[in-house]
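Sequence annotations record features per position, and here Swiss-Prot assigns phosphoserine to S37, S91. Taken from Swiss-Prot, the feature domain 'Glutaredoxin' applies to 41-143. Residues annotated as glutathione binding site in Swiss-Prot, with experimental evidence given as evidence: K58, T59, Y60, C61, P62, Y63, V109, N122, S123. Per Swiss-Prot, the feature disulfide bond maps to C61-C64. The S-glutathionyl cysteine annotation in Swiss-Prot covers C61, and the record cites experimental evidence as its basis.
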Amino acid sequence: METNFSFDSNLIVIIIITLFATRIIAKRFLSTPKMVSQETVAHVKDLIGQKEVFVAAKTYCPYCKATLSTLFQELNVPKSKALVLELDEMSNGSEIQDALEEISGQKTVPNVYINGKHIGGNSDLETLKKNGKLAEILKPVFQ
C-alpha cells in the first residue's frame, strides 16, 4: 500500500513565517529585560559627553563602516573631536550596548550622538545628511 503525502507549498511558507514571527515576538516582548547597573549607565553618559561626536560601533558592521565613512571622510569631522567605541573589541562592550539601550532606547549599532544629542543609527544620520540638517548639527564640532 502506497501512501501519498501532498503538501501545499503555500501552507509550508505560512507555517515557516508564523514560526519565525512567533519567535521574534516572544523574544522582543517576553524576554527578561537586562539589568544594567546605574554605574554603567552613568559611565556611558560620561563617555557620550566627553567629545562632540560619540559613536558606538562594531568592527564587522557595514552600517557602522558607512557611518564612520560619512563622518570622518565625507564630512571631515576631526577624529580629535570624536570618541568611537568598537564594542566587539571591548570586554565590557555588551554592557555598554545595554546601557545605551537604556539611555536612548536603541540597542543596535551604530549608535550616534552629536553634541550630547542622540542622532540614532546610520539611516538616521543619512536622512539628516540628505535633508541638509546634519551640517547644521555638526557646526559646533568645527568651531
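Along the chain as shown, residues are numbered 1 onward.
Any Cβ shown, glycine's included, is placed from N, Cα and C.
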Inset, instruction - Determine the C-alpha span of the glutathione site listed in the record, that is the greatest distance between any two of K58, T59, Y60, C61, P62, Y63, V109, N122, S123, in Å to the nearest whole number. - result: 18
Legend entry - Sparsest-packed among the modified residues, when each Cβ's other Cβ atoms within 10 Å are tallied, from S37, S91: S91
Inset, instruction - Using a 10 angstroms cut-off on Cβ to Cβ distances, just flag whichever of C61, C64, V109 is the loneliest among these recorded positions. - result: C61
Inset, instruction - By Cβ count within 10 Å, point out the most packed of the binding-site residues listed: K58, Y60, P62, S123. - result: K58
Inset, instruction - Based on Cα distances to K58 (glutathione binding site), point out the closest of the recorded positions S37, C64, S91. - result: C64
Legend entry - Cα separation, C64 (disulfide bond) to S123 (glutathione binding site) (Å, whole number): 10
Inset, instruction - Could you state the whole-number distance in Å separating the C-alpha atoms of S37 (phosphoserine) and P62 (glutathione binding site)? - result: 30
Inset, instruction - Looking only at C-alpha atoms, tell me how far C61 (disulfide bond) is from V109 (glutathione binding site), rounded to the nearest Å. - result: 8
